[in-house]
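Everything on this sheet refers to the single structure shown next.
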Amino acid sequence: MASTRNGISKDELLPTYELQSQRDVENSGSVTSFASKISNNAAAAVLAYCLSSISMTLVNKYVVSGASWNLSFLYLAIQSFIGTVAIMVCKKAGLIQNLGLFDLKKAQTWLPISLLLVGMIYTGNKALQFLSVPVYTIFKNLTIIVIAYGEVFMVGGSVKPLALLSFGLMVLSSVVAAWADIQIATAATAKASSDSAVATLSALNAGYAWMGTNVVFSASYALGMRRVIKKTNFDNWDVMFYNNLLSVPILLLSSLLVEDWSSENLQRNFPAESRQSLVIGIFYSGVAAIFISYCTAWCVRATSSTTYAMVGALNKLPLAVAGIVFFAAPVTFGSVSAIVLGFISGLVYTWAKSTGA
């Protein structure tokens with residue numbers, strides 16, 4: 001507290017601009033201190049990562065769940081464009097310090113990885129269009145198995161017993177999830193017309209076909225990126241920038257070639273009653289992709305790579321539950337058992353990676 005003399009405080013004798021300057025410094029210091037505390041807070045990092053990844057999946061599911069949705073290439077092109085613009089804005093604002101200038105040679109080297117990314121995100125969106133969020137989440141675990149054996153084939157080594165156990169649980173959870181899904185679909189179509197039953201089962205089969213293709217693309221992308229990233233010496237922001245930038249023309253050209261841009265089809269995909277929420281969802285998904293990348297790095301920095309892997313395993317449970325809550329996915333003994341098995345398999349795999357057993 002300022003000292004007083006003759007009832008007049010020392011602050012009252014200072015010019016107004018000096019008082020304001022002192023207050024600005026104090027406020028700036030408190031904001032910096034708060035930001036530093038948040039940046040190093042493990043709980044905040046974990047929560048931000050979980051919320052960003054869960055919300056991204058739910059928003060994608062919402063956008064592609066329209067009865068007449070058939071513009072996935074266009075959706076992903078807009079998503080990648082928004083991501084590219086967001087990165088450039090962050091760089092211009094000084095929020096990203098280590099993003100270099102565009103390099104044509106590096107872009108040419110990275111182009112095959114971007115093609116794999118396009119395959120991964122497109123097949124992922126198509127699978128999410130036909131499958132429920134819990135089933136999609138469970139089957140995503142199969143990518144881990146393909147990556148593990150891909151690394152054994154490319155680099156050498158072997159799969160340890162505990163990792164093998166986790167893989168067995170992942171396969172079992174996927175089989176149980178598929179069985180429960182087919183049982184639910186069969187029961188739902190038993191009372192429907194034959195045409196409706198055939199359409200429902202065809203959509204389910206399409207979802208599993210897209211999911212299988214997505215597992216292959218996802219594993220190929222992860223394995224390929226690890227090799228090419230050593231040649232380009234990219235950091236996280238470089239990967240995000242080139243992935244988004246190079247994906248835009250590929251996705252846009254694909255949309256122009258195979259998708260219907262007529263006004264009638266646009267009206268069907270973006271009906272008036274949900275147009276605003278769909279546009280907001282598409283915009284959010286573009287920005288959220290950048291936010292997930294930041295939260296991933298933040299989580300690893302504030303905790304450890306082992307904790308991050310554990311969070312990834314634990315995150316599958318609330319994601320599956322969120323899919324049930326927001327999209328009314330059927331709750332049966334089979335579906336719940338599959339979710340629990342998938343959750344346990346993730347924990348066992350994380351333990352195997354952290355202990356090397």
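Using the three backbone atoms N, Cα and C, a Cβ is placed for every residue, glycine included.
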Same-side flag (membrane), Ile184 vs Val331, source Swiss-Prot: yes
The transmembrane segment (333-352) versus listed stretches 69-89, 108-128, 162-182: most Cβ pairs under 8 Å: 162-182
Confidence summary (mean pLDDT) of the topological domain 'Cytoplasmic' (353-357): 71
Among the ranges 44-64, 69-89, 130-150, 239-259, the one whose Cβ pairs under 8 Å to the transmembrane segment (197-217) are most numerous: 130-150
